[in-house]
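These notes concern the structure reproduced below.
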Amino acid sequence: QLLHLYELHGHGSTIFDRLRHRGPDWSGIHSFEDCYLAHQRLAIVDPTSGDQPLYNEDKTVVVTVNGEIYNHEELKAKLKHHKFQTGSDCEVIAHLYEEYGEEFVDMLDGMFSFVLLDTRDKSFIAARDAIGICPLYMGWGLDGSVWFSSEMKALSDDCERFISFPPGHLYSSKTGGLRRWYNPPWFSESIPSAPYDPLLIRESFEKAVIKRLMTDVPFGVLLSGGLDSSLVASVVSRHLAETKVARQWGNKLHTFCIGLKGSPDLKAAKEVADYLGTVHHELHFTVQEGIDALEEVIYHIETYDVTTIRASTPMFLMSRKIKSLGVKMVLSGEGSDEIFGGYLYFHKAPNKKELHEETCRKIKALHLYDCLRANKATSAWGLEARVPFLDKNFINVAMDLDPECKMIRRDLGRMEKWVLRNAFDDEKKPYLPKHILYRQKEQFSDGVGYSWIDGLKDHANAHVSDSMMTNASFVYPENTPTTKEAYYYRTVFEKFYPKNAARLTVPGGPSVACSTAKAVEWDAAWSKLLDPSGRAALGVHDAAYEEEKAPASVDPVLENAFHPPAHGETSAIQC
């Protein structure tokens, strides 16, 4: 799953070694004059014949792809006069380019980043999926060379400058620039007005999950016991028996959860697994094991963002154990909170306009946070993560809703993500137990155990002095760390990635409970407690920081706003 097109400098094997973790099943390379495409393969679809690079019939078009094209069979039907040489879902890209030129990318339904070389005129294109689920970086060498790679570590030595390739964009050597190919209605952030249709939400999400069961290898679901991962597991368990993978590997779903012993996620995940009848794997880690893995985690995920590192570490440890069981693909619940305003700070959204604009900002930034974490923490062990909530069609359906439906209204019995919870609140054939369906939001780094974040802070406090913080703005003038934990992560990151270009691939700015900097303005008190933990949502979260008590005059809409409505209460609510 390594992609890059570059002028070779005699050390391609070194680059292969740096990204071998992403694709341990096969190494392939194609050279044409001074252009090279190299690929490390993680075989998920057609393991026997889908090795890359991939070609058109006469091998004049060469492509390396990281990802999955879920509608490849449908696309092949439009290319009946083309001869396919493999069963790979990604081969369709070479033939689509032949047929439609550079304008074919929006026809792809999936997650992907790819580089395609047309040897007939020595032109090339590179593209990344709509949301940025699959990572991609672009770099430039002093000698005029252009490079692309799945991870920054393959470019950091040879490129004078490199950037995170923007999602939903295409680069063409013919024009020498980037252009956005993904232009959905919500991108403009104008306020939509479609009425809430719970069945449409349910059906579009089920379709998104089912299409992601396209695999020829063993798979599972990452199950935290929260709403999002539980819905993914529930839908998979309902439809697994009718899929091709069930005929190959059996119709018992495997689920995986990690946490400190006694953590909220472990308890909830086991209950959901028992309810669904899955083969459940409960994995434990200690705070010290997580701390010991921090440097390796930061090397792999390539960021110094506090939230991302907190959540990536348990996911990294879990992925290692999952891969040891022979599983190569997992489904996960990322993206729901961004789409539906599920983070607890959305309780303070002043109106539907502000809420909708914040969800748009959050989705646009996913490639720098949750998508980066989900992909790189799993790929570090040769494991692929798929995210059905970020299906293009499902996003269009969910983001077309009148955002009034997403507003958190205790007076109407609506908690965060009510529109999603209500859509799956089926009395006749329940998807989940009622209290799980209405379980309060827990961020992954909180849900694995509250002492995890506390342990990280203690570790950072022991390694970062007050004088280091006093001079932080001089040592790190870009994105200056404001806490000792952030400072500690930054020192580790700089050890692996010392170039300024690397620093600039990481976003900055104030945040509380995972908010954007703009949303911090919703509550003046938040400027005094800038922390990405869900516990920072004082007066909302069950386990808000003990040392920071909520004001005595708690907003009545927020007080106990996470508790589910009475039985049947939601059925009569209209937006």
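Backbone N, Cα and C atoms are what each Cβ position is placed from, and that goes for glycine too.
Around ASP89 (L-glutamine binding site), the same-chain residues six or more apart in sequence whose CB sits under 8 Å from its CB are VAL45, ASP46, GLY50, GLU68, ILE69, TYR70, HIS72, GLY110, MET214, listed in sequence order. Under the heading L-glutamine binding site, TrEMBL lists ASP89.
The ATP binding site annotation in TrEMBL covers LEU222, ILE258, SER332, GLY333. Residue environment of LEU222 (ATP binding site) contains 25 other Cβ atoms, counted within 10 Å of its Cβ in all protein chains.
The feature domain 'Glutamine amidotransferase type-2' is assigned by TrEMBL to 1-176.
Here TrEMBL flags GLU334 as site 'Important for beta-aspartyl-AMP intermediate formation'. The number of other Cβ atoms within 10 Å of the Cβ belonging to GLU334 (site 'Important for beta-aspartyl-AMP intermediate formation'), over all protein chains shown, comes to 26.
Listed in sequence order, ASP265, LEU283, HIS284, PHE285, PRO314, MET315, LEU317, MET318, LYS321, VAL448 are the same-chain residues six or more apart from ILE258 (ATP binding site) with CB atoms under 8 A from its CB. Using a 10 Å radius centred on the Cβ of GLY333 (ATP binding site) and all shown protein chains, the other Cβ atoms total 24.
Between the CA atoms of GLU334 (site 'Important for beta-aspartyl-AMP intermediate formation') and LEU222 (ATP binding site) there is a gap of 10 Å, rounded to the nearest whole number. Averaged across the domain 'Glutamine amidotransferase type-2' (1-176), pLDDT in this predicted model comes to 90. In the shown protein chains, 25 other C-beta atoms lie within 10 A of the C-beta of SER332 (ATP binding site). Among the residues LEU222, ILE258, SER332, GLY333 said to bind ATP, no two Cα atoms are farther apart than 15 Å.
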